[in-house]
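TrEMBL has this to say about the protein:
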BINDING   51, 84, 87, 253  Fe cation 1 binding site
BINDING   84, 122, 216, 251  Fe cation 2 binding site
DOMAIN    45-254  domain 'Calcineurin-like phosphoesterase'
């Protein structure tokens, strides 16, 4: 469990966001919704980390240390996890010590005692998915907020978290030696059809200034996994149609920023939470690939009414790349 000196703070945040859970008001959209308060000045700050759960190894602890320092400087409101939370095969159950060893005991800085909004990755689906989704984990560490797909409304910005693993064909047709926990997903096509409809409705109904979609799998990437074809075909048209500002993902163990020539949507990969794939980069159109780093690190985002700023950091806390956008125009900086 988290250190006892953080329990009162944790409890306040736990109660604050859980009491705002409510069902979507549309008759077709059934995504769970959470309300995340912005700061008194209306701004929102958060960190993004993915592909991390290795018991502190592969620089996970060092990345966590820098996250704590940056989180304090930015006075972050929450953390987003882009999935693959526990390697190699998710959690074995509610009593799996990996939850403490890879999460609670690693991300113990005071600035990180905020809600962690979390999606599942493909490695998480190799374990007990229901354990990761269980409210019982919140009883052990009440920062943990993990659902398949859900919406977080942070006033000026709305986040749509999407369960991307069931979209990928190979996990079903060529699982190799892996066993995936598909409870709650089958029949697959019905699950995907409903999810795509819910995502489209939620984005259309959003009145937020900014729209950010979070999933585990890449849509566009120059990394090891490249583009996820299934998401390009099924999800990307919905993002384009609804003027989504950012798609944020993990899956590729790198830090990456791609600016599409097809729309204003920016693609940000933050999958450097622990083990990185050095040198594993594929060529991409330089018009689109704005930044690529094949090491460990994480990302921060600051949002105001007029501006969104994303920054990538390495394992030592050095700034590798930063980018700003305004509603009127785009500005790039490296």
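Each Cβ is built from the backbone N, Cα and C atoms, and glycine gets one as well.
Counting Cβ atoms from all protein chains shown, residue 122 (Fe cation 2 binding site) has 21 others lying within 10 Å of its own Cβ. In this structure the alpha carbons, written CA, of residue 122 (Fe cation 2 binding site) and residue 51 (Fe cation 1 binding site) are 10 Å apart. For the pair residue 216 (Fe cation 2 binding site) and residue 51 (Fe cation 1 binding site), the C-alpha distance works out to 9 angstrom. Sequence-distant neighbours of residue 251 (Fe cation 2 binding site): residues of the same chain at least 6 apart with a C-beta under 8 Å from its C-beta are 50, 51, 82, 83, 84, 121, 122, 216, 217, 218, 221, 225, 228, 269, 271. Annotation for residue 87 (Fe cation 1 binding site): spatial neighbours 53, 54, 102, 123, 274, 275, criterion Cβ-Cβ under 8 Å with sequence separation of six or more. Averaged across the domain 'Calcineurin-like phosphoesterase' (45-254), pLDDT for the predicted model comes to 97. Cβ crowding, taken as the number of other Cβ atoms within 10 Å, peaks at 216 among the binding-site residues 216, 253. Cβ neighbour count for residue 51 (Fe cation 1 binding site) (all protein chains, 10 Å cutoff from its Cβ): 30.
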